[in-house]
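Written below as structure tokens is the structure these notes are about.
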Amino acid sequence: MSDENETQVTYLLLQGFWNLHSFNMFFFIIFLIIFLSTLIGNLLIIVLVSTSQPLHAPMYFFLCHLSVSDIILSLNIAPILLCTLLGGAQRMSFRGCIVQFSVFSAITIIECLLLLVMSYDRYLAICYPLRYASVMDFKTCIHLAAWSWFLGYSVHLCGFVPITTLRFCHNKLIIDHFYCDLSPLQRLACSDTSLVMLIVFVFAIPVFVLPCCLIIMSYIYIFITILRIPSTTGKRKAFSTCSSHLIVVATFYGTLITKYMLPYWGHLLLIDKVISLLHTVLTPLFNPVIYTLRNKDIKKAARTMCRKYCI
């Protein structure tokens, strides 16, 4: 493509789910409820962990950080999705698109690292209970959480900077998606994207594949330790402490691997949108639902707060 045909991109049009037709209002109401429930559920976890003394433990400290990342992800993706459902294709500046993709990619990396830290916490608690308190002290928790956020925002720059060098052939672009993601931007670029894809692939190994492998290894050791517990009650109690985190990990990595690691079925955009919807909109809601419904300590803290402030 010659340079004279390449112009500076000024804005993009996000089409969202443009083919829903008369069902737009129905899905707008559904996703608005999901969005508000996500914010309320994650804020509730943050408030409960911050104010309830029994929840001042490493597991809930990391859960707070996971809730913060889920809130940021929801605020980054859901509003533009709701706008496309309510008013059709939405105009977004190219800089705004790049910022949205930057926040999305950074938060995705941060959640991978936080889930790894949480699995390490469960590994220590179950496999080395006598050493747990001395190893996972408050200073260690602060360091692990801080490094997760720092590495998340630092590593994503390695893949983000090359994307800003892509060139497009029109001053406005139509993206058949509900947010700015790598694949639609790559399809619309008229410059060579092989370097960008190579960098993304190389960095996907340490930030996605390696944490996933370490989480699997930690749970293998956890299950082996649980099987060695003689009593059925002890096994049930040990498994209950990590079951919620295991479900969240399976959901998060299930959608992530389906979206980015596996080849698309004929590159169908609808499948890409649905998987992206599961990952960006439903997973942030799934986390507080799982932890509030399956965790006795959080349910007890919620009842205590309700009696204190609602009666």
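Cβ from N, Cα, C; glycine included.
Copied from TrEMBL, the annotated features are:
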type	residues	note
DOMAIN	41-291	domain 'G-protein coupled receptors family 1 profile'
TRANSMEM	25-48	transmembrane segment
TRANSMEM	60-87	transmembrane segment
TRANSMEM	99-120	transmembrane segment
TRANSMEM	141-163	transmembrane segment
TRANSMEM	195-224	transmembrane segment
TRANSMEM	245-262	transmembrane segment
TRANSMEM	274-293	transmembrane segment
Which listed range (25-48, 99-120, 141-163) shows the maximal number of Cβ pairs under 8 Å with respect to the transmembrane segment (195-224)?
99-120
May I ask you to check whether the transmembrane segment (141-163) and the transmembrane segment (245-262) make contact, with contact taken as at least three Cβ pairs under 8 Å and only pairs 6 or more apart in sequence counted?
no
Averaged pLDDT, computed only over the residues in the domain 'G-protein coupled receptors family 1 profile' (41-291)
85
Listed stretch, out of 25-48, 60-87, 99-120, 245-262, that has the most CB pairs under 8 angstroms to the transmembrane segment (274-293):
25-48
Other parts of the chain folded back onto the transmembrane segment (245-262), taken as Cβ under 8 Å at six or more residues beyond its ends:
59, 66, 108, 111-112, 115, 118-119, 122, 204, 208, 212, 215, 219, 272, 275-276, 278-279, 283, 286-287, 290-291, 294
Which bits of the chain, at least 6 residues beyond where the transmembrane segment (60-87) starts or stops, bring a Cβ under 8 A of a Cβ in it?
14-18, 20, 24-25, 27-28, 31-32, 34-35, 38-39, 42-43, 45-46, 49-50, 100, 103-104, 107-108, 110-111, 114-115, 117-118, 121, 141, 144-145, 148-149, 178-179, 248, 280-281, 283-284, 287-288, 291, 297-298
